[in-house]
Number of protein chains: 2
Amino acid sequence: MKSVGTLAVVGATGQVGAVMRHILLERQLAFDRLRFFASPRSAGTFLEFDGHQLEVEDVETADLAGIDYALFSIGATASKIYAPRFAEAGAIVIDNSSAYRMHPDVPLVVPEVNPGDAAHRALGIIANPNCTTMIAMSPLAIIDRLFGLNRVVAATYQAASGAGRAGVAELSAQLERPNLGALTFDGGAVDFAPPVKFPAVLAGNVIPLAGELHDGDTSEEEKFVNESRKILGLPDLRVHATCVRVPVFTGHSIAIVAECQTPPEVGRLVAELDRHKGCQVVDLPTPMASTGIDPVLVGRIRLDRSSTNGVAFFVSGDNLRKGAALNAIQILEMLLQ
Amino acid sequence: MKSVGTLAVVGATGQVGAVMRHILLERQLAFDRLRFFASPRSAGTFLEFDGHQLEVEDVETADLAGIDYALFSIGATASKIYAPRFAEAGAIVIDNSSAYRMHPDVPLVVPEVNPGDAAHRALGIIANPNCTTMIAMSPLAIIDRLFGLNRVVAATYQAASGAGRAGVAELSAQLERPNLGALTFDGGAVDFAPPVKFPAVLAGNVIPLAGELHDGDTSEEEKFVNESRKILGLPDLRVHATCVRVPVFTGHSIAIVAECQTPPEVGRLVAELDRHKGCQVVDLPTPMASTGIDPVLVGRIRLDRSSTNGVAFFVSGDNLRKGAALNAIQILEMLLQ
């Protein structure tokens, strides 16, 4: 693998930025120079990296010359402004936000699934999928290759960290309230502070609403439908999703029923999933077990007897790693090979 | 409504037994005499009811003569032994366990859905559905009546109290561990006691395994499939379920996609759900909002664009009330009318 040259991490102070810094060290990526960027609010602080203190530069005012690659995790609004500036200054941008994912000239890439798409980056920008979509892509790509995907029905179990540090802080504060067990008989038994980041109290609860509603579906559900089609290269794939937030810190999970063109064979599927480096087949996939590791955990693999060629499974994956930081760095590694 | 005569609550010291006692008072059911029973281990204690202290009788040794109705919530193993004894002694037994639900001579009844079935009780036993199945029955019965049900795909979000007091205690103890937020970056960051009631730590986690596995599906999933068919009177209904435990104290929720024979109309469905006394249509159904109230909360009602005649919704209901104690008492009220 060749050296990155100059690598920028944009949104370095954020939650995904922190995981990116961690994984860059973990994977010992070689670069000549590393630069950290953040919004004006967070710029000027220092972040430790491999024993060195690096000043965080202001993404608004910094000189962008000489950057070869930029890993962006700074939110869609900021990405729309700054990703083109980095790209125009010569960097290849790998953007973790939703800003460019469905842009026809921006590839949306999971290296284990559609590596070839990365070449068609007319804007100099490659998009990283939504953290929930990501978790499902490797198993669904394998099912499509083996049996041909017709339809996907998904119900998600999404962690608070998918909503950033503020989501984690809100859940943490709620879980510190005393006597949560009083909720067993009375849903109003505990006096929580009014929720801000989520539309209801998340501790001791589940919330079937993530993002904004458009014509019945949420933006999170639309992302799952549209991004799955683009990554899998199946523009007409029939997909239904219900996206639900659960009181988990990290690790998104999805219960999936996949309807296929030919009869699925569980044994063959398990063998192919096991061979795939992005997946690990386990008896009991849970978000807690998936937190801090690279592969997604796939289990409860069984035939769906309610459809002709259906197969069901449950998948859990670390939304901050494979769902965000790791996949972006894997795209970068792929470009360097 | 006529008086119950002599009413027995069997399993009166348990979690559902406690809710039964609460609801009996709440609904001011008239009876001549109330008797509490429990297993030998819990017998001999006293329970307060409407200002009186009642001694809990030993279900093994008590004289069962003169009991008119018996509300059982004592577990399947005990129900298999004692429900026939109460029935032989002349009581009509309403049993909350799984022991008799699929018995061909035992009706499985949700009063708002299949009240007529209660008449065919050859054994003197009427069964109360599983708490997860129950939550889905009213909305699915309405969809079947309006549009004809072809297939149901369900993913559940089940509360710890569905596993009894021990489930609640295990979740409570786990939530008291300090610094749960450390799970954000490391799934092993918190030193939990080994789980006993659930197959993994439930706090900060979700567990896609409830009950025992048979040929890929769990006993909890089989109950959902088989009991739905029996209650809805659709023995060939195609049903798929994935049952998942979530760190919620009370309130089971289900994300459901229903495929129909005729095109579903969301407006008509909302109107019919709203008119039904077992349901309340809300924007955001959550288990916390459903805890302590009688109706199930139905929301996120929308067309499923991935199937020809699909409609999707999310439902939350109190698994201890409508899912258990309330439904049993509603059956009793129905028999008295």
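Heads up, residue numbers simply count up from 1 along the chain you see.
Here the Cβ of each residue, glycine as well, is placed from N, Cα and C on the backbone.
If you check TrEMBL, you get these features:
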type	residues	note
DOMAIN	B:6-121	domain 'Semialdehyde dehydrogenase NAD-binding'
ACT_SITE	B:Cys131	active site, acyl-thioester intermediate
ACT_SITE	B:His252	active site, proton acceptor
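Mean per-residue pLDDT, taken over the domain 'Semialdehyde dehydrogenase NAD-binding' (B:6-121), amounts to 96. Neighbour count (other Cβ atoms within 10 Å of the Cβ, all protein chains): 32 for B:His252 (active site, proton acceptor). As a summary of secondary structure, the domain 'Semialdehyde dehydrogenase NAD-binding' (B:6-121) carries 30 helix, 31 strand, 55 coil according to DSSP. Secondary structure at B:His252 (active site, proton acceptor), taken from DSSP and collapsed to helix, strand or coil, is strand.
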